[in-house]
Each structure stands twice: as structure tokens, then as C-alpha cells.
Amino acid sequence: MSVGQEIYALAEQLFPICRSITGDGVRRTLDILSEHVNLERHEVPTGTQVFDWTVPKEWNIRSARIRGPDGQTVVDFVDSNLHVVNYSTPFKGTLTLEELKPHIHTLPDQPQRIPYRTCYYAPTWGFCMAHDHLTRLPDGLYRVDIDTELKDGSLTYGEYLHRGQTDREFLLSAHICHPSLANDNCSGLALLALLARSLKAKHTRNSYHFLFAPGTIGSIAWLSRNEDRTHLIDHGLVLSCVGDAASPAYKRSRRGDAFIDRAMAHVLGREAGAKLMDFSPYGYDERQYCSPGFNLPVGMFQRSVHGTFPEYHTSADNLDFISPEHLEDSFRILTDVIDIVEENWTPLNLFPKGEPQLGKRGLYAAVGGQKSSGVTSMALLWVLNLADGQHSLLSMAERSNLPFKELAAAAILLSEYGLLTAAL
Amino acid sequence: MSVGQEIYALAEQLFPICRSITGDGVRRTLDILSEHVNLERHEVPTGTQVFDWTVPKEWNIRSARIRGPDGQTVVDFVDSNLHVVNYSTPFKGTLTLEELKPHIHTLPDQPQRIPYRTCYYAPTWGFCMAHDHLTRLPDGLYRVDIDTELKDGSLTYGEYLHRGQTDREFLLSAHICHPSLANDNCSGLALLALLARSLKAKHTRNSYHFLFAPGTIGSIAWLSRNEDRTHLIDHGLVLSCVGDAASPAYKRSRRGDAFIDRAMAHVLGREAGAKLMDFSPYGYDERQYCSPGFNLPVGMFQRSVHGTFPEYHTSADNLDFISPEHLEDSFRILTDVIDIVEENWTPLNLFPKGEPQLGKRGLYAAVGGQKSSGVTSMALLWVLNLADGQHSLLSMAERSNLPFKELAAAAILLSEYGLLTAAL
Amino acid sequence: MSVGQEIYALAEQLFPICRSITGDGVRRTLDILSEHVNLERHEVPTGTQVFDWTVPKEWNIRSARIRGPDGQTVVDFVDSNLHVVNYSTPFKGTLTLEELKPHIHTLPDQPQRIPYRTCYYAPTWGFCMAHDHLTRLPDGLYRVDIDTELKDGSLTYGEYLHRGQTDREFLLSAHICHPSLANDNCSGLALLALLARSLKAKHTRNSYHFLFAPGTIGSIAWLSRNEDRTHLIDHGLVLSCVGDAASPAYKRSRRGDAFIDRAMAHVLGREAGAKLMDFSPYGYDERQYCSPGFNLPVGMFQRSVHGTFPEYHTSADNLDFISPEHLEDSFRILTDVIDIVEENWTPLNLFPKGEPQLGKRGLYAAVGGQKSSGVTSMALLWVLNLADGQHSLLSMAERSNLPFKELAAAAILLSEYGLLTAAL
């Protein structure tokens, strides 16, 4: 099974669960992710102050349905967890169609799709359904039955730290609060879990910090509890919508010129149709990581840009909308970026006056014989020329417009031949 | 009457007067402007040294005409003050057509228009007429009669200082030396007078310094007499040609990145077809304000770019060439820029770690309920995100590409809710 | 005879000689160049260590031919010195066509052209011929007879220093190692020789250092012997391929913003179709001058970009491929750049407050009367405006987009009128 197929299979497992910003859906999701990565789980009690926010009551749902004038079920949570407005209060009652309608959310522009709606911080309830369905409902009395619970409990998140040689961290974060939406964000959760798994066997220079937390309140809670160690974060990415067919897209961190911004620009610069976007304070949890009190070097990676594609936050964001192929492509982009973070260094040319004679060392031959190493003469010449102790390999890639991989291979080859050393 | 109509009406009053760099035309013009703004008038005597220049003799004209071989009047100053070369010496005499022609200026390319010509610093005389008219003149003797006077007198200019809370100044300058040319510069004179009037009732942070002076020698005289206070000038604009139908245009100050350059770029960035041009040392009095010994942050605002439109310096620059609509548009652009100068400040987010919870403060509701205030969620989020004490509201507008007005309103709202304070 | 014709005639003289990185071909070439410029000749003995390289054995060739099965000559060095792989070892022997073929180099894509090949550092031999020719060769035995010599000798280069008022240098370098290739690099050698000659009679501010050395090993040898004086080099250009019909092209120095980069950008900015390219560590001897241990401000000037035109390194790079017209154009571009290097200075406006009154000094008249001097009002105004002691004339040219020549003439005129002095 390819890694893309594995990610897809994991996303499939996560898809049916009714997640929210708190509750058992998050816990069941973390259970499944834990089959791949050894998550540390945290429970933050209801009422805990996290910066300007307070952890809300925990929400769980057992069932919810509306029965029509004829006693037949009109909508049922069992069919789709999008049918119930997330965080709906418990309710039992009989209403006329007119009274019911303010509680029904539809998408008149996409009349066959169910929208995704939440009411986290407002004590109300509601249902979501296809607009075509709503317009067919006859007048009469409707029986509403929402069996949810709001109680003192906790907000749950999971994290995993892959320890490298240094404690400098790469933060990888995905929100875990959306119910049955495949791209947003079963795709991100599944990809990160399998990325974490793939690192387990590796000796890395950096540490990799994976965070699976509810959107906004979850990342704020995490920041609040980890404030004293955010200084360890050298790089970061928020992931969402990484499984659809659109070209990859990257939104820069608030800093705009952080190493992660440059590395992502380099990688996406070689992907057809890739988009690079400036930071804006709207989106996912990069909003919190990039708030002015933290200003962390955290960007956001996605394919279709949230809020701009018709399937966004509707029942059309289902398992057909994502594919193993595109999940694998996103996975590869992340590993390319991790390679840059891992393999970047600043070489110093030990023969800086004129070009060293590559021919007498068999390095032109070495090149000829090592096509598969991806080392070309141009890569050797660029590395030698820029190895003045002021250019990292990423800087060289930016200036030469050659792939980082190729320059990194050239630098290793030149080091093996005694032509380079590491700059201090 | 709209402000555009008021400006137009004032320009209409100014149009017939025969202005020059000295003389009673300037004084009559200042008299009319004084009906709207309490001008301080200055007389700089002939012979006064102003930097490298000397104030010339004062020029006044009573009449000027040419009579043809048949005794009929061929051209008469009474018909258009453009007919006489400005600063012509007195002359009476009879000349053959051949002798007369070197004194006649026409526009062969625009054969029905009278050009505008001057001879400030050369003791000569001349007439301007339509080229078609000239070619129809029969041979014979012409009687020339120019009743002008060049005497020791003075150069006149007027200024008005609207005092704000601080003595930091915004200089607004228009040249007062052109005779019957509507766009260049009755439009600028009239617009500035009514802008000055509109500020009278306002409590402003900055002081606004209005200057109505003859081109070149007038602004040089003013600089020479105000050299010790030019350090007060934080912003400045020269105005000319602000009434025609072209899109607005701004020429940057010599500095290129002064606050006024950024503010004008922001405002014109939202105007269809607007032009931004780099500084060049040719144009109006910005040449003097931006001379290297001063290098003041003074740009130039106009619509049609001087020297590039066919009506420029011809009898076609008349009252039909300008309109209340475009004068009003120019007026609005100036008030937009003044708003930026007045309302810019640097906020500091008091809840900088993560986003503050806007919902619990009713700020999302506030937004919903205050659509007319122009405050959007994006404006709130941008202001909070960039309120690190390093970004003024103008910087925020530049980075977010949101209108300054919207961010300013958001910043006030956030301040009222205790989320922002002013950075030191 | 125009200078273009003179350069062409000199290139014609150089064309037939069989040059290599060592040997008598280089010496004969320097003999011919010495008729125009008083070259200092250097011989660097075989075995000399020059940085990471060792000067190789000296190579000379007397004759080389292949005779076919019928005893007829198939290829002969006498017909074209490209026929023999440069640095071929001596060889006599009889081979089957099959055995011979690995020693034959052709261009299947350009089947009528002979390629240019070298084997400087590999002890082998070979021939080059038209692909069509090779395919017509019948089976049978071929008699190969290569009468070359590899002996302890020396590497030869020539240099000429035109001494100016200061010892600050402009390095002009061309490779002397290619045999009968007209554009690459008889054109560069001939142009530099006649440029050197043209400077002889001139009193220049800078010194001009001309170098005619074999590619790579030659410039490395020169750098190795002149290491302690490379700090004198303020500007430098490598020249090659300067005679063909393509538009001029400039490759920036490794620094990218050196004075020579700016001056070339200014000059080429006024040439239709001219190309500006960023530095890359592939090309001619700028690779050595711009190696990180030197990082000299040396760019590369050419017309067709080496390696990209079909005639490159083939028998089609012959005397028909270059022309007096284009050689003259290249010569003019170099003299334009030298003019900038010579005539650049930083003026200070002595009347910096407002514009000085040009009219009273007759400078507007001067302008009118001196059209041939190329001084325009705009040039006068720009120089006065930017003469704040922070802008050199080249900076002014960059900002104003006026030709350097025009600004330089304006600055001289203004100095003569006492309006400018030199900034310290």
C-alpha cells in the first residue's frame, strides 16, 4: 500500500466520527491516530482560563432527529453528523414549520448539499439540511428531539514529540474539531499521523512536534500551557485541506521571510500551478501562532484554499473529494521541506581561489558515473562558488534556481573529496 | 450647492483676471480668495534678493491691441488676456507684417487656439493668436499699441495657517501667476481656498499651511522668508490642474517614501486609472520645495499631467475644460489624504497572545450591527494582528490592502472595548 | 578604415592560427597582437603549481591526418585546425573503421559542421569532422598519423597595463586558447588589442589592465602570480563572442551590484534587445575572477550567449559569422562604459536652496545654442536637483533615466558656471 493509500485509509476511518471542539469524538479520533503515533493526551478542564478565552463546557451528542407531521423521520443525525448544528443544546419539543425554520440552515446556492454549522459559544440549537429538502417540507407540526449534553468536562488534545539531536522544534499542527469533512480536516490529521510515524525510525537533527487540537480554543490552550517553550520553535506548518485535486498552496507566516517561508517557496516553486500567498490573519490556527505576542515562524499548507471552493464546509467535502494520489503528493511536499530543514548547512570552500580542478579528482567522472545521485556539474560549480561561509544551501538554491536536493548532494560529494568544510 | 459646484463657481470668478508673477491681477485674485479664507498678504519689494533670484519689477497692463492696415482691430487684450505675452514691455509703433511676425506666437498644430506665453526676464513684447488668424492677415502696416507698465513695486503672495493641536505642518501650495487658464490653475486656487474654509471649523492635530504664490519666484521668495520654519513641514502637496476629466495623478516627493507619498499611493491605489509617478525636477513649485537644500516631503497632485494634454497652456484650457464633478473628486481625494494624516496612529494590542475572544465582547455582533461604520471582521483581525507597536494604521493599510478608513474605524472600536492602547 | 574594420582585419589575421592552452600558437597570436599593443609576455613553466592546478606539458602540433583504405587523405589538419582534438597525444597506427570511430567526434544534429573538441588533461587523441563525412567512410583500414608533441615547456600569456593617474585598475580579459573560431574568441582578442591601442594616447584617471591568457588555467595562473595586487581591481570585464549579429549581452559579476554591473546596465539599457543576466559560475574566466576567494567586480560581455547559438564551438564560427559592424558596436559599448568609469563624479550644488536662476546666466541660452553638446534643460535640472553630495553622475543617470553622457556634459557646464563643485 502506498503512503497515499495509507493516509486515505486513515482518513476514511476518521471521517464518520462526530468531532467538535470538545467531547468524545475528539477522544475517539485521538484513539485512532494513536494506532500510528504514540500520542500524549491532554485534558484541559472546563472553566480553565487560557489567555483571553475560557474552556467551555464539554459537548457530546447521542442522537438528534426531526419527525414530520406524518410521524416519519425528516432528518436524523445517524445519516450525517452535519445534520446537527455542532454544540446544539439539548431540546425536545413540537413546532410548526414556521417556528422550526429559523433553526434550519441550508445552502440555497447549492441546494443538494448539507452545510456545516456550529454554535460553540451561543446557547442555541439547529439542524442543517439540503435546501431542496427544506422546500419540500409540508406545513404541520414537527417533533424535534436533540439528545446532547453540555457538562463540566474538558477539552482534549494530543501531541507527539519526535526528539531529534537538538531541541529546536518544527511544529506541525492540524485541527481536530471538524466532524465528517474529509478534506477539512481528516486529510490533515491522517497525513500528520503518518508523517509522524515515518519519522520514528529516523535520526533527525531537529525535533518534530505534532499537535492535534481543536481549532482556535485548542491551539490557544496549547500555547497557554507551552508559552515558556515556544522559543524552541524554529519552523512550523498548519495543515488542512491536503487531499483534494488542487495544486499545493502555501500561506507565509506573519514574518514573511522565515526559513519555513523560504523553504516552502523553494519546494512549491517547482510544483506546477502552486500558489504562494502572503500572511493574512484569517484561516486556521496560524492565526494564533502568528498572533503578535508569539509571532512564530508558522505558515499554512493546503491545496484548495479554505473558504474558496464550493465543497468547503458542506457535505460535498466527503471521501470522494480527496484521493490517495493527492494525499501522497502533499506528503511528499512535506518530506521535501523536512529534508531542507534537516539537510541545510553552510559550507566553506577550502580551495576558494579560482575553481579547484575537479577533473584531476575524478569529480567530472564521478558526476558522469553518478547521474542517479542527481549531482550535476552546475550544482558542483554553484556550491563551490557560493561556499564563502555566507550562503546556506537554501540560499544557494534560491540564487542558482537549482533544486535544493541537487545542491545538497553536490555539497556532500565535495565534502567527501575534501573540498568543503562546514562554516562556523 | 455641492462643494464641487462651489469650487467651480470660485474658479469662474478667478478665470477672467489677468494674473502674472507680480501686479494687480495677483492682488485681485487674493481679494476674491479672501472672501473664503482669511489670507495674510505679503508684498516683497522689487529688487529683494531671494536666494539666487531677485524680485523683478512689477508688471501691470492696461490695454494692448494691434490694428490692421484697414484700421480695424486685429487682436485685443480685452478679448483674451492670453493675447498679450505676459510681461510684455510697453510699445507703440507701426510695423510691416514681416516686422510684426517675429512678435506673434501661434500654435500651428492647433491652429484655432491661442497659446499662453511669457517673457518675465527678457525685455521684449509679443502677441499670441490663433494660427489660422495669423495666416489670414494681409500685408500692410500694423499699428501696435501695448500699454503696460514695469515699475519698482512688489511681488505679492497670500498664505493662511490653520492652527492645529501641534505646530507640525501640512503645506498646500498653488501657483497664482497664470492668467485665464481654468485648469492651470484657477482649479487649484479655488480648490485650496475652499479646502482651507472647510478646515476652519475643525480641530485638527496638524496645522495646515496654505500658500497662494506666483510660480517659481513666488515659492522661492516664500522659502527664503520662511527658511527657519521649513523644519515644521511634515507633509506637503502642490496642486494644479485638478478640475479636468482625467484620472487623478500623483508625483512623488524627491524623497519618494515620505508619509505623503505613501498616503497618496494608498488613496490613489483605490481610484480607477490613477497614476503614480516618480519625482522629476520639472513641473510646478515642488521643484523648489524639493530642491536639495530643502528636500521637503512635498509631492504634486493633479489630474491631466501638465505639458502632456493638448489644452495645456492654450485658450482651450477654459471653463469648459473643468467641471464641478471632477473638482469635487479632487477635493475628496485631498480630504481622504488629510484624514490619513490626522487619523494615523500606532496601536498596541493589549491581548497579544492568541486572538482575543471577540465573540464574548459582542464584537462580532457589534460588527454585524455596525455595517455602516465600515468595520469588518477582517479589519478587526488585521488591526489586532499587526498592533505590535511597529505598525501604524497606514502600514496596516499597506500590508492588508484594506482601506485606511476601515482600519481606523476598527482601531477605534477595539480601543473602546479595551483591546488596544496607543504605542509610545 | 573604421575601427570595426580594423578589428575585423586583426581577427582575420588571428583566425588561422592553431591555438591551445599552451604552445606556439599562443605565442604567434601574442606576436600579432603586439603589433598594436606593447604586450608584456610571461612564460609559466610546466609543473608550476597555480593554486589547485598544475601547469601542464606544452603542446604543439606539426601535422595530423587520416588516410583511407584507398590511401587518399580523409581529413587533414592543414584544412582546418578543428580537425584535431586539441591536445591530442602523438599517434601513428592503422585501425579498422570500427576501431577508429571512438576517436572521431561529429555533430549529428549539424551534420556539415566540424565540432571543436579538447582533451587537455586526458592522454588521448581524436579527430573532428562533419557527420555527413563520417557516414560516407567505407569500411577498411585507416592510417592515422598525428605528429604532436607534449613536452616540458610553458604556458604563455600576455598583458598590457595602461597607466592612468591612479593605480586603480579596470581589468579587461580575453581567452587566447581557442583555435580557428572567429567569434570565440578572435573577436575578443582583436577588440581588446585595438581598445588598448586607443587608450595609449589618452590621459585616464584609472589604469587599464589588459590580459590575453588561455582560459581557466591561464587566468588561474595570472591570479596566482598577481594575488597581492588584485585589490587594485575596481572594475573588470571578460570579453568573448563580441563580433556576431546578436544584441549585446552582459552577465553581472558575482557581487551583482558592483559599479561595473551598474555601468553596463546603464549602457545596455539603451541598446535595443540587449540582455542582462545574473551571474552564474559557468562561462569564461569570470568564473575564476569571481571565485569566492577573490570575488572581484568582474562581469562578462558578449553578444550571442556562449553555448546557446548553433555556431558555437563549430566550424561555422568562422569569419562570416562576425562583421566589422558588430565589432564596432561592441567597441563603442566598451568605450561608453570606460567613459562612465572615467567621467563619473559626485557634484555638490552650490545654490541648493530653490533652483538657481539659469536664465540670468544665459544657461537656457547656452542650452539652446549648444544642442550639439547634448545638454538639455532636463539634464541641467536633474544634476542640480540631485547634486546633494550623495549622488554620483551614474546614480543620477539611474534615477533620471537620462543618458550618462548628457548628465556628465550638464555637470561640466554647471561647474563652468560656478554652480557645482565636487563633493568630498
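The backbone N, Cα and C atoms fix where each Cβ goes, glycine too.
Those TrEMBL annotations? Automatic predictions, nothing curated.
The feature domain 'DUF4910' is assigned by TrEMBL to A:8-344.
Look at TrEMBL and you will find A:58-149 tagged as domain 'DUF2172'.
In the three-state DSSP scheme, A:H313 (Zn(2+) binding site) falls into the coil class. Neighbours of A:H313 (Zn(2+) binding site), defined as other CB atoms within 10 A of its CB across all chains, total 19. TrEMBL lists A:H178, A:D184, A:H313 with the feature Zn(2+) binding site.
Per-residue confidence over the domain 'UCP01524 winged helix-turn-helix' (A:346-421) averages 89 (mean pLDDT, predicted model). Positions annotated as domain 'UCP01524 winged helix-turn-helix' by TrEMBL: A:346-421.
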Other CB atoms within 10 A, centred on A:H178 (Zn(2+) binding site):
26
Cβ atoms near A:D184 (Zn(2+) binding site) (within 10 Å, other residues, all chains):
27
For the domain 'UCP01524 winged helix-turn-helix' (A:346-421), how many residues does DSSP put in helix, in strand and in coil?
44 helix, 6 strand, 26 coil
What other residues of the same chain, not counting A:H178, A:D184, A:H313, have a CB atom within 8 A of the CB centroid of the Zn(2+) site?
A:Y116, A:L181, A:N183, A:N185, A:H306, A:Y312, A:D317
According to DSSP, how is the domain 'DUF2172' (A:58-149) divided among helix, strand and coil residues?
15 helix, 37 strand, 40 coil
